[in-house]
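A.B. asks: Pasting the feature list from TrEMBL:
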DOMAIN    1-308  domain 'Major facilitator superfamily (MFS) profile'
TRANSMEM  27-49  transmembrane segment
TRANSMEM  56-79  transmembrane segment
TRANSMEM  85-104  transmembrane segment
TRANSMEM  116-139  transmembrane segment
TRANSMEM  145-165  transmembrane segment
TRANSMEM  177-198  transmembrane segment
TRANSMEM  204-225  transmembrane segment
TRANSMEM  245-270  transmembrane segment
TRANSMEM  282-301  transmembrane segment
């Protein structure tokens with residue numbers, strides 16, 4: 001549900017922008033706000049799941065996400081929409097990692113690769129369906145239903161979680177509140193500065209100052225987590241060359257691929273006159289390759305190993 005909502009909105013952005021009376025490019029702040037909220041609160045998800053129980057947090061996350069979806073549909077201005085997307089991102093940040101934690105916590109090691117491949121299928125299918133579904137809803141109904149459709153999905157997920165999941169808890173250590181604040185505020189300021197740079201040309205110095213402050217805070221966060229006894233996150237895995245190269249290379253690839261779902265629908269609709277449905281249908285092929293290769297990934301890794 002969380003991943004579907006992240007992609008279903010892309011083909012409806014010009015329609016939503018027209019309803020708010022703002023340029024379509026300004027809707028990028030609604031997309032960015034959601035992703036920033038997800039990024040900031042993911043580190044908190046494991047701690048609260050261990051402290052209050054995985055099922056409790058998972059259900060609460062679904063509830064927050066569903067409520068925020070309703071608020072997105074009720075929004076009449078870009079500010080209201082952006083704030084609702086932030087709240088939606090908070091719920092989304094808890095849903096995915098806690099949901100996977102519930103599945104993988106007691107899983108035997110020999111079943112790990114196969115199980116991860118299975119639970120990844122929805123994450124690959126949702127981006128495939130999202131743009132087409134969003135375009136169809138925006139064309140034949142109203143864009144608000146892109147968010148209202150989460151209501152029945154959320155209720156079903158909550159009911160299923162109550163009956164199927166165990167409320168397991170884990171060992172709770174001290175939460176790194178300083179690292180969380182430095183990372184969160186720094187990343188939020190950095191992204192806000194980038195957003196201002198992209199949308200305004202008369203406040204260059206102010207935007208650059210915000211970016212600089214964000215970078216300084218993130219640098220302080222990195223220095224802090226390297227020295228903290230119970231850091232928010234650890235850089236130990238970065239000492240392994242294979243993992244380090246995969247992070248660097250994967251980040252570049254994701255930057256390129258991550259911009260396409262936002263920019264391509266705008267180009268097709270505003271530049272070439274395509275309808276939301278047509279734009280969504282063309283965007284579908286961007287994600288089809290991910291889904292097509294998925295059945296072979298387990299065999300490839302077992303045959304050639306992770307490094308190859």
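Cβ from N, Cα, C; glycine included.
Caution: TrEMBL annotation is automatic and unverified by curators.
Describe each of these features in terms of where it is and what it packs against.
C.D. replies: Confidence over the domain 'Major facilitator superfamily (MFS) profile' (1-308), given as mean pLDDT on the 0 to 100 scale, stands at 81.
If you look at the transmembrane segment (85-104), the same-chain residues 6 or more away from its ends with a CB under 8 A from one of its CBs are 1-3, 5-6, 30-31, 33-42, 44-46, 48-49, 54-55, 57-58, 60-69, 71-72, 112, 115-116, 119, 165-166, 168.
Long-range neighbours of the transmembrane segment (204-225) within the same chain, counting only residues 6 or more positions beyond its ends whose Cβ lies under 8 Å from a Cβ of the stretch, are 176, 178-179, 182-183, 185-194, 196-197, 231-235.
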A.B. asks: State the non-local partners of the transmembrane segment (145-165) in its own chain: residues 6+ outside its ends, Cβ under 8 Å from one of its Cβ atoms.
C.D. replies: 1, 5, 8-9, 12, 54-55, 58-59, 62-63, 65-66, 69-70, 72-73, 102, 134, 137-138
A.B. asks: May I ask for the residues of the chain that lie six or more residues beyond the transmembrane segment (56-79) and have a Cβ under 8 Å from a Cβ within it?
C.D. replies: 1-2, 5, 20, 22, 26-27, 29-30, 45, 48-49, 85, 87-88, 90-95, 98-99, 102, 144-148, 150-151, 153-155, 157-158, 161-162, 165, 167
